[in-house]
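Here's what TrEMBL has on this protein:
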- 1-68: domain 'Disintegrin' (DOMAIN)
- 40-60: disulfide bond (DISULFID)
């Protein structure tokens with residue numbers, strides 16, 4: 001069954017002549033050649049990066065993200081961490097619901113005692 005595509009010889013179940021691959025996101029099944037610089041995984045958000053085929057493997061490279069502490073462009077002045085944008089707004093929403101937002105900076109300055117309502 002696996003050898004039913006033109007990249008494989010049905011009798012030997014090995015690559016046909018000049019074939020470099022027979023499966024995978026980075027394999028062109030029409031030419032049986034490895035793709036290079038072809039998008040294989042889109043970025044999942046602003047803290048993620050898209051992955052492209054490297055021309056050496058039939059598989060998409062490991063999923064990577066931007067460096068931790070990269071500032072987020074959207075979402076209340078947060079920073080990227082492990083591929084996610086973490087912001088004050090997201091922290092407030094996790095605690096108080098989707099409609100809550102982060103308070104202005106002066107509220108953070110006034111809340112030196114860390115009471116529970118002054119930051120959201």
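Note that Cβ sites are derived from N, Cα and C of the backbone, with glycine treated the same way.
Where the annotation comes from TrEMBL, it is an automatic prediction and has not been curated.
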Three-state composition of the domain 'Disintegrin' (1-68), taking helix and strand from DSSP: 3 helix, 20 strand, 45 coil
Surrounding CB atoms that lie within 10 Å of the CB of residue 60 (disulfide bond), all protein chains: 18
Mean of pLDDT values spanning the domain 'Disintegrin' (1-68): 92
